[in-house]
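Here the structure comes first, spelled out in structure tokens, and everything after it is commentary.
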Amino acid sequence: MRLRNVKRAFNRINDYEKLIANPMEYKGRWHTYFNNDNPIHIEIGMGRGRFLIDKAKKNPTINYIGFEKFTVVLVKSLEKIKEEGQMDNLCVVRYDAQDILELFDENEVAKVYLNFSDPWPKERHYKRRLTYRDFLNKYKIILKPEGLLCFKTDNEALFDFSLEEMNTLDMHILRETRNLHASPWVQDNIMTEYEEKFTKEGMTINMVEARYSSQ
């Protein structure tokens, strides 16, 4: 998408059908937006949208909600969704993960995806990482008893940090690999734009899927 088109889209971002202008209104009743009681999966930091779009196309009986706080990136994902045509099981919100409890009730979400989140490498910024315990505790609140958290990253340090944080909360690790594309789980994997780029460069992808201990 050319810069000129991005600027034009930026000016009319609220005209995109799949962008929920007031997502707080659906807290506890997202089923009314989707007009069904299908499970809800969310991706926090959806980037340009490839992962979520492919998921929604592959799984029509699951509802997907994408989070993206950066408007320029969000515009690109909305354009891509628009190009796909009718997708009744997908929508997008412009929101920060820090405020996720404003959008969902307890036990309202079935799965949370964190794909290639900002590693915030400086030690003083560790609390900004989306796998820091404060964020993990928020995901726990909105997830159903059987709910899952799935995290992928190319960053070894962030992966180590994330596993430590999950261990601190006594989370149950269901799947873990330091090389997703050489693991048995790759057959079910859907790549993001970043993942495809990193894989072509020969980088390995870390993945963990976990459930909370009280769930």
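Just so you know, glycine gets a Cβ as well, placed from its N, Cα and C.
Substrate binding, as stated in TrEMBL, involves Lys122, Thr192, Glu193, Tyr194, Glu195; the candidate among Asp15, Asp37, Asp88, Asp154 given for that site is Asp154. When Asp96, Asp99, Asp160, Asp170 are compared with the S-adenosyl-L-methionine site residues Glu43, Glu68, Asp118 in TrEMBL, the one appearing in that site is Asp96. Between the CA atoms of Glu193 (substrate binding site) and Asp118 (S-adenosyl-L-methionine binding site) there is a gap of 15 Å. The closest partner of Tyr194 (substrate binding site) among the binding-site residues, by CA position, is Asp118; the full candidate set was Glu43, Glu68, Asp96, Asp118. Apart from Glu43, Glu68, Asp96, Asp118, the residues listed for S-adenosyl-L-methionine, the same chain places the Cβ atoms of Ile44, Gly45, Met46, Gly47, Phe67, Lys69, Phe70, Ala97, Ser117, Leu130 within 8 Å of the centroid of those Cβ atoms. Other C-beta atoms found within 10 angstroms of the C-beta of Glu195 (substrate binding site) number 23, with every protein chain shown included.
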